[in-house]
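Feature annotations, courtesy of TrEMBL:
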COMPBIAS  719-729  compositional bias 'Acidic residues'
COMPBIAS  743-757  compositional bias 'Polar residues'
COMPBIAS  758-768  compositional bias 'Basic and acidic residues'
DOMAIN    7-174  domain 'CSC1/OSCA1-like N-terminal transmembrane'
DOMAIN    197-359  domain 'CSC1/OSCA1-like cytosolic'
DOMAIN    370-642  domain 'CSC1/OSCA1-like 7TM region'
REGION    714-768  region 'Disordered'
TRANSMEM  6-28  transmembrane segment
TRANSMEM  108-125  transmembrane segment
TRANSMEM  372-396  transmembrane segment
TRANSMEM  416-443  transmembrane segment
TRANSMEM  464-483  transmembrane segment
TRANSMEM  571-601  transmembrane segment
TRANSMEM  627-644  transmembrane segment
TRANSMEM  650-668  transmembrane segment
Amino acid sequence: MATISDIGVAAAINILTAFAFFIVFAVLRIQPVNDRVYFPKWYIKGLRSSPLGTGAFVGKFVNLDFRSYVRFLNWMPAALQMPEPELIDHAGLDSAVYLRIYLTGLKIFVPIAFLAFTISVPVNWTNNTLEHSNLTYSDLDKLSISNIPTGSCRFWTHLVMAYAFTFWTCYVLKTEYETVAKMRLHFLASENRRPDQFTVLVRNVPPDPDESVSELVEHFFLVNHPSDYLTHQVVYNANVLSQLVNKKKKMKNWLDYYQIKYSRNQARKPSLKTGFLGLWGNRVDAIDHYTSEIERLSREISLERDKIVNNPKSIMPAAFVSFKTRWGAAVCAQTQQTRNPTIWLTGWAPEPRDVYWDNLAIPFVSLALRSLVIAVAFFFLTFFFMIPIAFVQSLANIEGIEKALPFLKPIIEMKVIKSFIQGFLPGIALKIFLIFLPSILMLMSKFEGFISLSGLERRSAARYYIFQFINVFLGSIITGTAFQQLDNFIHQSATQIPKTVGVSIPMKATFFITYIMVDGWAGVAGEILRLKPLIIFHLKNFFMVKTEKDREEAMDPGTLGFNTGEPQIQLYFLLGLVYAVVSPILLPFIIVFFALAYVVYRHQIINVYNQEYESAAAFWPDVHGRIIVAVIVSQLLLMGLLSTKEAAQSTPLLIALPILTIWFHLFCKGRYEPAFVRYPLQEAMMKDTLERAREPNLNLKSFLQDAYRHPVFKGKDDSDSDEAPEEFEKEPGLVPTKRQSRRNTPLPSKQAGSVSSSHREAQDYPLL
């Protein structure tokens, strides 16, 4: 049975672990040799220079200013000093709003914890129900609702608390939703000109036997958007070419490595074996081998590029279409283009950095089938994972282990071992089981066909949240209850089982406390240490770097990781809201997590992370929706728990809470969500008008011409695709239609001049 002292020892272990991480980080971050690891964002912005080039030889690598070691925690107040508007300019709105999730947690749970500990905890503690029961319980369980006797009038306290917590949570959520919506609209109105503001992605372009996709797209938009259409870029299936280019870059890295190695020791030329992983095969000269491989790949890249240019099948039925104004793009992106709603599908294009090019080559008609396959696969992944979760939960209870393995009882009862098992081992074991899950879920999202990195991360985050809700939360309660109360289930009548389950739900608070400390406290502290990027940077710096440019490329600033970070936060929202009424002892641990994570991630956003994209906080409706789900789940579980407590008078009054919460969610969805899914035409017109006044001679076409060209055609590699093929350099011109059954466009062709007047008069471009 876990005691308060056991939890105290477990907390001490996790606190010391987190503090050790912070001390190591504080020492490593001030060493000149690690400057690019802990401040890469400033290097990327060009606002920081390497300290390795100045001072004495030892001072280039080791910080000799001993006063800086005394101020080892000064990074914490420094992380809080940057105002939010400056933070948005520095890191983007996505990063600033992501931090507001942690602030939302603090705003919700600090007042709730104060109310719970001043009212609910004394009501729970001043009973002796558990002492006179046959249930397995801990000292902490006396602080929970389990210690209230059946049928007691004290349950009215928990009913009032449930209403108070729900209303306060909804108030904070409404305030934050309104604030973030205003921040998003202000950001969109004030930010610099971006290609995605003028561009839509059109998909499922219908095939035509007489015209190419490029000609068809241009004809369609010149006819249906004659005053706003500017240019377009068709989508090419360049996945094979992209793989070849990436493979060549890896070969170049190995060639650079062996050339540096040879320059350091010219007495011996480096060699390698050509077999699997270099373990067997013929031994050859490494430099000659990679030189010949690069030459071979260059030839393959050239052939593949020509194949894409000359093969019409390489052109997908999709295109990025750009407009002269934001207003024109907004009209096109937010309206149906034809009477057939399954073709000429338009939507806002992701910003160029956000495009996931590989999935643009997936036929649109196959997306529904892919979604079905992934849904089935995710279902089996989620529920088969219950097996290891059940095993992990068996480790959370000392009595359960002693019953299964009685010969280990003398060892387990040792204070240190017992505290370690209950306070550290279950959380670590569960964390290990979950370590590969984000990668699996991201692969699922890629297979499903999302065309943007933000879309991939948001879908992965949604699935990760569902997985954690079922396995970590529900799985921990159900399997934990089954193991913990197995003896009671066997020796009591079936009518008593619901009562046992209901009482046992709050008893899992002990496990969740240890999970919060391991996954939350120690996990956040480990995040700031950046051990993996530190090791990789120094390995690259020693073996691969020969120029300052190489050293910059060796940096790995990383990103926020919305697909893993946000579901973790949502799990703590769920735990806090569920246990706020049932067992408030969790709340201080959750508050510490939110506060610690806010400081750490603010520091990382300012100094480290370099976001791959900017979605202008488009993820906030997902965040809001999941917190609402947590509120409703907490209400339903409380209803189920009170129904086992014979609180017949108070339980029916809880039915109104889920109804009110759903109504609140629908209100917020209708009032604030449109700002995240649509761009107001009024805002678009205002920004266009201001831009025309400020820059009357703006050449928008040159700004947009190459924005959505596939990266492999932009000439970033120094030998392949140095110059994009001519097909990609010129704008596809409008020519008189080749279709005999249809008439020509009424507008003059950009290549062939004006069409005949008879054609202009007879134009009747059909709705497809």
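Glycine is no exception: its Cβ is also placed from the backbone N, Cα and C atoms.
If one looks beyond the transmembrane segment (650-668) by at least 6 residues along the same chain, the residues whose Cβ comes under 8 Å of a Cβ in the stretch are 155-156, 158-159, 162-163, 166, 170, 173-174, 177, 624-625, 628, 631-632, 635-636, 638-639, 642-643.
Beyond the ends of the transmembrane segment (571-601), by six or more residues, the same chain brings 18, 76, 79-80, 98-99, 102-103, 105-106, 108-110, 112-113, 116-117, 120-121, 140-141, 143-146, 158, 161-162, 165, 169, 465, 468-469, 472-473, 505-506, 509, 512-513, 516-517, 520-521, 524-525, 527-528, 560, 565, 626-627, 629-631, 633-634, 637-638, 641 to within a C-beta distance below 8 angstroms of the stretch.
Counting residues 6+ beyond its ends, the transmembrane segment (108-125) has Cβ neighbours under 8 Å at 142-145, 147-148, 154, 157-158, 161, 164-165, 168-169, 172, 573, 576, 580-581, 584-585, 587-588, 590-591, 594 in the same chain.
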